[in-house]
Structures are given as structure tokens and as C-alpha cells.
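Below is one structure, written out as C-alpha cells; the observations come after it.
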Amino acid sequence: MGVSDVPEAQTANKPESSFGLRHLIVFLLFLATTVSYATRVSMSVAIVAMTTDNEYGYPVFDWERTVQDTILSSFFWGYILLQIPAGMLAGRFGGKMFISVAMIITGIVNLFTPLAAEKGGWMAVCACRILMGLSQGLLYPSLHGLLGQWAPITERSRMGTFIYAGAQLGTIIEMMMAGVLSAGPWGWPSVFYVAGISCLALAAVWMIFGASTPSTCRWITKEEKKYIETNVGSTDINEQKKMATPWRSILTSLPFWAILLAHSGQSLGFWTLLTEIPSYMNKVLGVNIKSNGLLSALPYVAMYILSFIFSWSSDFLVNRNIIALPTARKVFNTIAFWGPAAALLGLSYIPAGHLTLAVVILTLTVGLNGAHYVGFLISHIDLSPNFASTLMGITNGCGNIFSIMAPLSVSLVVKDESSASEWRNVFFISIAFYFLSNLFFILFMSGKVQEWNEPQPSKTLEDGVKGGEVVDTSTSKNKTNIEKF
């Protein structure tokens, strides 16, 4: 480091411990994750009320189990379609607009879902869920792109965990609130009305204060802007627009495939639990709808709390040079995958009727999964800050194919919903995916920024003419063209 670099470095490090605009952005993204996940899981609880007689005269639908599972999985049919395009667009144009669109459409769809159910039946409800999935397909790639622009390296694990832990808080709130609302005088329609209003309110706040990058934020101080841009390790969004996506390098990268398989294993295991816990407790453990929502939320309370413990521990171990970053990613991913696999194995052999023990093991299963935020989920940014949104789009899109399989696999495996032995087979599938996907992650994951993170931008003849001197750009052109395929 030269003498001229010292003042800049000191200025860059100064705001690290102070509250700034980056923390407000992270908080708003946390709220976006919280609200979006609440709207996702609301159907898991509400559908029980929608198919159960009530004393307040709200419509009751005679939907078979296969129809219910189709409704639960239909969200993901739309969700996976826009993942890769959203990742590429968010990487080139920033995530602010896409977060706004996702929240607005999700809010409107939720407001119309009760009417769709009454007038159009289960197919209309599926259409609403598909549309909501399409809109939320914009969310995660945009979040990762925004993290790549706003999160300094030393704060990345904590910021990433805080944002993505909103998924668990949203799950907790919705499972408790949806059960209470559905069982009360407001009935199951109120679940969707509350969710819709919340989405629209957040969209309004985000459009005022949100920004794709520090350089496009009108509220940020020059000092904080310099600190962030010096420490994020990514290229400014205007420069990213000139970069060709290095598809060949990405698709032949073993560390990238390690993330992809981990994301797929996580999606199948986690969403099997998330979408089916209310039905499992209702049919096997005999818990009524109000208690169902409260008890089903307990595992996610544990996951929410433990995720912060895991993220703090990861940053502590890495920043104190106790373990290297790649080792930290592998250690915590193992906790997130093999811990739940072992707990699920124990859950598989609990005799029916042991409610307390089942809830304890479910809580342990889901709680340990909170370590995945500092495992594979943040690793996209480790590999490539510039293309993090594109990487997330690919892995989230593929991973959510397995999310679709989660409730549908239950329909294929479980014929008698009160049979603990048939549910055991569902748990065995999740155990296998947890174990094998993490094994691949351990073997091939890297915590280093990849060479293809900064491919050469496309150049023209005019770019090669500088000061009357023609520069041969054919080599860089060929390299760029190769990277495109």
C-alpha cells in the first residue's frame, strides 16, 4: 500500500461500527423477506381452515388432499420461471425496481385470493399462487445483488443472515397469526387481507428509501459511500452493465455446483417440513387449528434465534483468523444439513401421540437449519460479488424445483395421513438429500473470489483508439466471446 492509500483506507474503515444508510437498506430488505415469506406460508395454515367447518359461516371447500398439495406447490410453479432472468436483470440494472414490483404484485394478489377461492374454486386459487410465485421470483436474486453492492466483506455474514432470517420471522408470525385469524370471527379471508396490506405498505416505504447501489442513493453520506464502495469487492452497477456473463466458467465451476446442489437439498428438506408441519400436527398429533399455528411456529423461532448465533460465531471465527472463510462455510453448512438429518431420523421413530417429544425434535431439526445462512446461501457472493444475483437466480431456480417436489412427494408417499410409518418415508427422503448434498459441498466448495468474477467487458474499435494510438483488442474480444458460451 502506498502512502496515498493510507488516508483513504482510514476513511473507509471509519464508519464500520456506526449506523448508516446501509443498515437501513438491510432493515428494509429484512422486512421484504419477512413479509414475502409470511405470504408464502399463509396458505399452509389457512388451507386447514378453508377445508374445516367453522362457526362463523365462512365458505368451506371440499378439497381432497391431492388438490390441497397442488395448491401448496403451485406457488413454486411461477417462482422458478423468473429466477435466472431476474438474476441477470438485477445484476445489470439494480434490485430496487424488482423489489418494488415483487411487493406490489404480491400484495394485490393476496387481496384478491379470497374472492378467487369463492368464485373460481381451487384452480383460481392456484392461479393466484402462481402469479404470486412469479412476482416473488424477482426477490431473492435482487436481494443477493443488493447485498453484493451494500454489504462490506467484514459485515457480510451478519447482514446476509439478518436479511434472510426474515424468512423465519415471517414464518413464525404467519403461523401464529394465521391460526388465530382463521379460528376467530374474521375467518380465513382475513389472513390474505392482512398479508396484502402489509406488502403494499412496505412497497411504498421501499420506493422512498430504497436504492440499488450506494452511488444511486440520495440519502447516503459521502463518507459511508466511500467506505462501502471500498470494502464490498464488487464493481459499480454501471460497469457491470458492460460485463458479459461468463456462462461457461460458471457452469463448469465445481464450487458453483456445490452451492447448487446444497440449495437443492435444502429446498427439498426445508419445504417438506414447512408446507407439511401443519397437516402433520393436525392429522398425526391431533392438534386443533389454533394450537396448530402456535406449535408449528416454535421450530422457526428456534431457527430465527440460532441463525444469529451462527452468524456471529462465523464472523468471530473468521475475523479472528481462528478458521478460514471456506472452512467456516463448510462447518456451518454441515450443522445446517447433517444436524437436521440426524434429528429427522430420531423423529421418524417417535410413536404417534408423543406430542411434546415430537415438537422438541422438530424444533431442533428446523433450528439447526439456521446455520445455512452462513453456509451455502451467502457463498454466491464469496465466489462472485459481481454476478451474485445471477448465481442466486440459477441456484434458487433449480432449488425450487425441489421445493415443488416437497408437497407433491407427500401426496405420493402418504396415503393414510394419520399413519406415522408413512410420514417416516417422507422424512427418509429429506434425510438422504440433506446428507448427500452437504457431502458434495464439503468436498468442492471454495470461499475464494473466482477468476471469472471480473471478465473483460466487450470492446469496440473506438475503445481501442487512445491518443491517436490503435490498440489491438482482438484478444480481449475473443476472450469475452468465449466466456459468453
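Placement of Cβ uses the backbone N, Cα and C atoms for every residue, glycine included.
According to TrEMBL, the transmembrane segment annotation covers 24-50, 70-90, 97-116, 161-184, 190-209, 250-274, 294-318, 330-350, 356-378, 390-414, 426-445. If you look up TrEMBL, you'll see 25-449 marked as domain 'Major facilitator superfamily (MFS) profile'. The region 'Disordered' annotation in TrEMBL covers 454-485.
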Intrachain residues whose Cβ lies under 8 Å of the transmembrane segment (161-184), provided they are six or more past its termini:
26, 29-42, 44-46, 48-49, 54, 143, 147, 190-191, 194-195, 274, 278, 289-294, 296-297, 300-301, 303-304, 307-308, 310-311, 370, 373-374, 377-378
Using a Cβ cut-off under 8 Å, which residues of the same chain at least 6 positions beyond either end of the transmembrane segment (70-90) come close to it?
40, 43-44, 47, 63, 98, 122, 125-126, 129-138, 140-142, 144-146, 245, 275, 389-394, 396-398, 400-401, 403-404, 406-408
Residues of the same chain, at least six outside the transmembrane segment (250-274), with any C-beta under 8 angstroms of its C-beta?
41, 44, 171, 299, 333, 336-337, 340-341, 344, 362, 365-366, 369, 372, 375-377, 379-380, 383, 387, 390-391, 394-396, 398-403, 405-407, 409-410, 426, 429-431, 433-434, 436-438, 440-441, 443-446, 450, 452
Which residues of the same chain, at least 6 past either end of the transmembrane segment (330-350), have a Cβ under 8 Å from a Cβ in it?
262, 265-266, 269, 310, 313-314, 323, 357-358, 361-362, 364-366, 368-372, 374-376, 420, 423-424, 427-428, 430-431, 434-435, 437-438, 441-442, 445
Tertiary contacts of the transmembrane segment (190-209) (same chain, 6+ residues out, Cβ under 8 Å):
24-25, 28, 31-32, 35-36, 38-39, 42, 45-46, 49, 96, 99-100, 103-104, 106-111, 113-114, 174, 177-178, 181-182, 184, 219
Model confidence over the domain 'Major facilitator superfamily (MFS) profile' (25-449) (mean pLDDT, whole number):
85
